[in-house]
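Trainee: Attaching a single structure in structure tokens format; questions to follow.
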Amino acid sequence: MGFWTLFEVASMPILQVLIISLLGAFLATDYCKLFPEDTRRSLNKLVFVVFTPSLMFASLAKTVTLQDIISWWFMPVNMGITFLVGGMVGWFVVKILRPKPHLEGLIIATCSAGNVGNLLLILVPAVCNEDRSPFGNRDVCNSVGLSYASFSMALGGFYIWTISYQMVKSSAVKSKALEAAEEFVSKVEANNNLDATAQTQLLKERKEEGAITTVATKEVEDPEQHANVSQESRPKQEGKGLLWVNVVAFLRQILKELMAPPTLGAIAGFVFGATVWLRKLIIGEGAPLRVMQDSTKLLGDATIPCITLIIGGNLIGGLRSSKIKPLVIVGVVCARYIILPVIGIWVVKAAAKLGFLPSDPLFSYVLM
């Protein structure tokens, strides 16, 4: 298959995504007003809670076996390399471009996540459905490709919620702190510009005296509580307490991600696919629970068009309200779509030469 033939096959899925995204963007414009932000938010929740778990369960339960799960061991390793290298590249982008402090964590998280996301669910079936697809039979490619994509999504969600989410959260904390500081400075400047009268000065002094008296009264009334507060304020204990709080919050976040609907759908799909007698209940002629599998697949089929419409609708809001410097956007684009793909292709090819990957070329394609 020549270069231009491969280029045409690879371009068709992208064009499909762009066409449906443009439709979502048009529906979200003020001219059409059929896809406002509230509607997109509600549809996104529906996709997250119903459609995506259904697609993951239907695709994994139908095609995945216990042997497949063992042979796919390199996918979580590859995902970990992606986040590690992407985080390092994002750190270099931050150091070179020096964006605002509250954007640093967001940029590193965006680069570390790479191209992990829902787009695999759109691109892989579209490539498989092309007449000149290099991955063989259309039906087999679709089912197996969706299994790869679903497994990748489940892993990606775990990495994103445990790594990228914490970076974005730290950026949000910095942003709120900066906003509070700016608001305080503006209030101080406004107060300095006002003429202070003797009456206002007297009121301030009375308030200060009242505050001191209140604190002294509390110390006298409850000396034990005051002593406890004093002990808790020691630096060492504060450090230990803060570390323990962070560890608990991290473990809670992992548990929360494991209980997320898409992850539960993927886990259920693995269990049904890897267990022979459960697999027979939902797959094949005469399976007693085949109607459950068909109904789940019907719900899962709505995932791809809904996600693509949401992507298009969100583009409108981003183009209207972007306050990030163009140079920072260019840096993130270069990191995610030039540097990371080059490194990723090298990693996958090296893994293939070392014999770490299954013989299926579609698996290597999904990794890339």
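Cβ from N, Cα, C; glycine included.
Caution: TrEMBL annotation is automatic and unverified by curators.
Since this is a predicted model, take the numbers as computed values, not measurements.
What TrEMBL records for this protein is below:
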- 12-31: transmembrane segment (TRANSMEM)
- 43-61: transmembrane segment (TRANSMEM)
- 73-94: transmembrane segment (TRANSMEM)
- 106-127: transmembrane segment (TRANSMEM)
- 147-168: transmembrane segment (TRANSMEM)
- 258-278: transmembrane segment (TRANSMEM)
- 298-316: transmembrane segment (TRANSMEM)
- 328-348: transmembrane segment (TRANSMEM)
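Context for these features, please: burial, neighbours, distances.
Mentor: If you look at the transmembrane segment (43-61), the same-chain residues 6 or more away from its ends with a CB under 8 A from one of its CBs are 118, 121, 143, 146-147, 149-151, 153-154, 260-262, 264-266, 268-270, 272-273, 279, 282-283, 293, 296-297, 299-303, 306-307, 309-310.
Long-range contacts of the transmembrane segment (106-127) within the same chain: residues 9-10, 12-14, 16-17, 52, 55, 79, 82-84, 86-87, 89-91, 93-94, 99, 133, 135, 141-142, 145-146, 148-150, 152-153, 156, 159-160, 163-165, 167-168, 171, 303-304, 307-308, 328, 331-332, 335-337, 340-341, 344, 362, 365-366, each at least 6 residues beyond the stretch ends and with a Cβ under 8 Å from a Cβ of the stretch.
Cβ atoms under 8 Å from those of the transmembrane segment (147-168) belong to residues 52, 55-56, 59-60, 62-64, 68, 72, 75-76, 79-80, 83, 87, 105-106, 108-110, 112-113, 116-118, 120-121, 124, 250, 253-254, 256-258, 260, 262-263, 266-267, 269, 362-363, 366 of the same chain, restricted to positions at least 6 beyond its ends.
Below 8 angstroms of C-beta separation, residues 48-50, 52-66, 68-69, 150-151, 153-154, 157-158, 161 of the same chain, each at least six residues beyond the ends of the transmembrane segment (258-278), sit close to that stretch.
The list of residues near the transmembrane segment (298-316) in space but at least 6 beyond its ends in sequence, with Cβ under 8 angstroms from a Cβ of it, reads 17, 20-29, 35, 40, 43-44, 46-47, 50-52, 54-59, 118, 121-122, 125.
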